[in-house]
Structure formats: C-alpha cells, structure tokens
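This report refers to the structure that appears directly beneath it.
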Amino acid sequence: MPVLLPSTDPGQDSRVGAPEWRQAAKATSRKAHLLTDRCGQEAVTMWQPKDSVLDPNVAHHLGRAAYMEPWRFRVEMLKGGGTLEKPPPGEGVTLWKGKMKPPAWYARLPLPMHRDARAQQTAEVVHAHARGARLTAARLGRAQHQINGQLRLLLRQREATDRRLSEVRKGLLINQQSVKLRGYRPKCEKIPDKADSLLVWEKKELKSMKRKMEKDMEISEDLLKALASCRDTLDFYCQERLQAVELMNQPLDKVLEQAGRHSWVDITRPPTPRTQGLKTPPPDPIGTYTPACAKALFEAKRLLMESKDILTEMAKNEVDIQNQQQEISNRVCSSLAQKMRETLELKERMTMTLGLMRGTIHRCMKFNQEMYVTRGIIKGPLLKRNLEAREKLNRPLVRMYQRHVGTQLPEATRLAQGTDLLTRHNLHMEKNLKELRTTHDNLAWGLNCKKIGHDVDYDVVRLRLRQRHPHVCYEQAQRLVNDWDPPTPARSQTNTASK
C-alpha cells in the first residue's frame, strides 16, 4: 500500500508558525549576532597593534590579508645563488615556525599587572630623571673644572703681565731719573744731542707699552669676572642637580665615559675613543637639562674659547714688550756710552791744548819780565851821580861838538824812542798774557765741565744698568726718584764760567 511522504520543500502554506513570530526570532538572532561581532571586535581592539584599523570599504578577509602581508619573512638572494629568509625589521614577536613577525600589541585597558607596570614605569621615569640629573651634573662639574683651570691660567698670566707692567713703569722711573740726573750737567754740556732724543723716544715708547699692558690687564680683569660668574653659575646648577643623585654611588667621570663624551665644553681636545657617544640632549624646561643649564654650558664654551685667544695674545704681548724694552734700554745705554767716548776724546784734546797754553803762558811771562829788565837797563840809573863818564853829555869834548846847532847828538832822542817802543811792547805782552790767562781759565772750566758731563753720563749708565735688574722692584726705583737729589755744581765753577 503506498505511503504518502510530506514534501521536503515546505511551501508557504505548510509553515505552522506565524510570520510575525518567525520575523521576531530572526530579528532577535540578527541582533544577537551583531552584538556578538561588536563585543568581539571591541574585546579584540582593547589589545591589538596601534595601526590595526581596517578599511571599512574593503572586505574583511581582503583587508586582513593586506594587513598581514608586511608580517611575512623577506626572501633575500645570496651571492652563491641561495636564499635567506629574514624577519621584517621593527618591534614584534618573531614566529619562526609560521614565518611571520606580527607587531607588538598594546593594551588599552589596565591588565592584572597594571599596578606593577605603573610602579615599574614610575621607577623607570624616576631613574631616568636621576640618570639625566647625574649626567647633567657631571657635565656641569666637568665644565666647572675646566673653567677653574682656565681661571688659574688667566691668574698666572695676569701675574706675569703685572710684573711686566711693573718693569715698564720702573723703566719710566729710570727714564725720569736719567733725565733728572742729566739735568745737573753744566750749561755748556746741556746742548741737545742724540742721547736726549733717545731718552724722549724711550719715554714715548714706554708710555705706549704701558697703555697696551694696562689695556690687557683691563680685558683680562673683565674676562676674569666673567669666568668667575660662569663658574659660580655652573656650581649652583651642579649642586642643584646633585641633590637628586647624592645617594647614587657612581662617580661622575664614569658617567661621562658611559656617555661617550669627556667634555661638553672643551672642543679642542681629541674625543674619547669610543664607538659612538651620546649627543648633547635638547634643552627641556621641565627636565634635568634645562635651558638655563644649556645657556650656562654655552657661555662656558664661549668664555673658554675667548680666554684661550686672550691668553695667547697676552703672552705674545708680554714677550714682545720685554724684548722691545730691552732693545730700547740697550740703545739708550749705547748712545750714552758713545757720548762718554766722545767726551773723553774732547777731554784729551782739551788737556793737550791746556798743557800747550800753559807752556806758552810761562814763556810769555818770562819774556815779558826780561823786557821789563831791558827797559830799566835802557832807561839808565835814577841818580845823576850814578852815570858813567861815557854816558855824560856835559863833557868838554861833547859840549864843544854841540856848540853848533846842526851838530846836536841824537842819543837822547833815540833812547827815548827805544824806551817808548819797549813800553808799548810790554803793554801788548800784558794784553796777550791776560787773554791767555782768560782763555786758559775758560779752557780749564770747559775741561772740568767735560769731566762733570762724563761723570754724569757714567752715573746715568750705571744707574740704568743697576735699576733695570729684575731684583730691583718698582717701589725701590720710586723711592730713589722721590728721595735722591744729586748735588748741584760748585758756585766757584759757575762764577769762573761767567767770566
């Protein structure tokens, strides 16, 4: 007997449930499916890579395949013809079995280890701040040490420059004393010569050196103040940073070695031989390396470079001025020595002339005395009774001869003429002797003046050689100028010269 089976394709009319009931069930199922997808998607997005957002306009499987493509290993060809698979660069977990390297995932919600993670992050931040403070303190301390070294060099150079300035001032005092001492020469020796011109030139050059050295001292003083201020600023910032690292037991030099930098200020020294050093970090107003620290280090670097140039210039000026001052002093001393030699030559010539004149005066005096005796002999005796018989004109034979007017004897006339001639000659000799004596006295006074001038020049040279010795300080030379007063020439010599 045939059996009737129900149709497998249920028709619209064969359904028992109501359509509303069926639509409600489908809506509930669809709503649950959407809720499941949304919740699953939200649960996954709480723990996924940062750039894992897919394009909504692309199918899910296509977007996922495109997103996972960079995770796969790269195949590189070797020189020998083989291949080598390498994971892609970057952070992530390498899956060697699956030949993939997905990127690191980040959680957006706190996990069970959230408290420990936050504590670890806080410790890392604090330790990073302490390390940064320690590194900054090490940099500031090293910069302060270099500034201190530059300060010591500058102070030492200032002492050398000050000693040279004292020598220049002492040279001015020696020049003043030389001019003052040469002013005590006799008037005839004060005719301006090359030695006086050299003394004036020496004074001018010494004043120029003095101004130059004083300018160097002023520049170095300003630089010294700037270096001291920079050192105090670096010390303040260093002590401020050391408050955060006073419990850390690592020396600051070791920190600089770990950073790969020996100094952030001295750029002239060779770098520390390391593979790679840390660069100077950018200034951070709320970090350990603040703009104030950066400004202090930059100022220290600038002052260090400027001080090196100034120290080089000061040392060069000191050596040049020392050589120039020595050369000028030697020229003045050689000029005075030449003047002394010329004075000695003139003294020898004047001494010879004075000796010849003395002999001439003696001969003239002797001849004059003889002429006076001759004049007395020619004039005859004073009394008549002392006449000889041959000298008497009242003899009988003579009176008989003189009876005629034309036969008068010329004896008396010729005796009177001879006596008058001798008298005029004696007067002329007296005049010549007076001129000779006056010239002799003037020559003797000139010789004495030459001797005084030679002695004064010798004293000036001796004074200059003694006073320019390094053991003679500026105060000793100053006391000599203020207290010592050489004696003036004698009054009798001055009166003799006026004659």
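Using N, Cα and C of the backbone, Cβ positions are placed for all residues, glycine too.
What you see is a predicted model, and the numbers here were worked out from it, not measured in a lab.
Within the set Y184, Y372, Y474, Swiss-Prot records phosphotyrosine at Y372. The range from 26-50, 201-225, 401-425, 426-450 that Swiss-Prot describes as coiled coil is residues 201-225.
Of the listed segments 98-118, 140-160, 161-181, 308-328, Swiss-Prot assigns coiled coil to 308-328.
Away from its own ends, the coiled coil (308-328) comes close to residues 150, 153-154, 157, 160-161, 164, 167-168, 171, 201-202, 205-206, 209, 212-213, 216, 219-220, 223, 268 of its chain (Cβ-Cβ under 8 Å, at least six residues beyond either end). Panel annotation: around the coiled coil (201-225), residues 151, 154-155, 157-158, 161-162, 164-165, 168-169, 171-172, 175-176, 179, 303, 306-307, 310, 313-314, 317, 321, 324-325, 328-329, 332 of the same chain, lying at least six beyond its termini, place a Cβ under 8 Å from a Cβ of the stretch. Contacts of Y372 (phosphotyrosine) defined by a Cβ separation under 8 A and a same-chain sequence distance of 6+ are given as N426, in order along the sequence.
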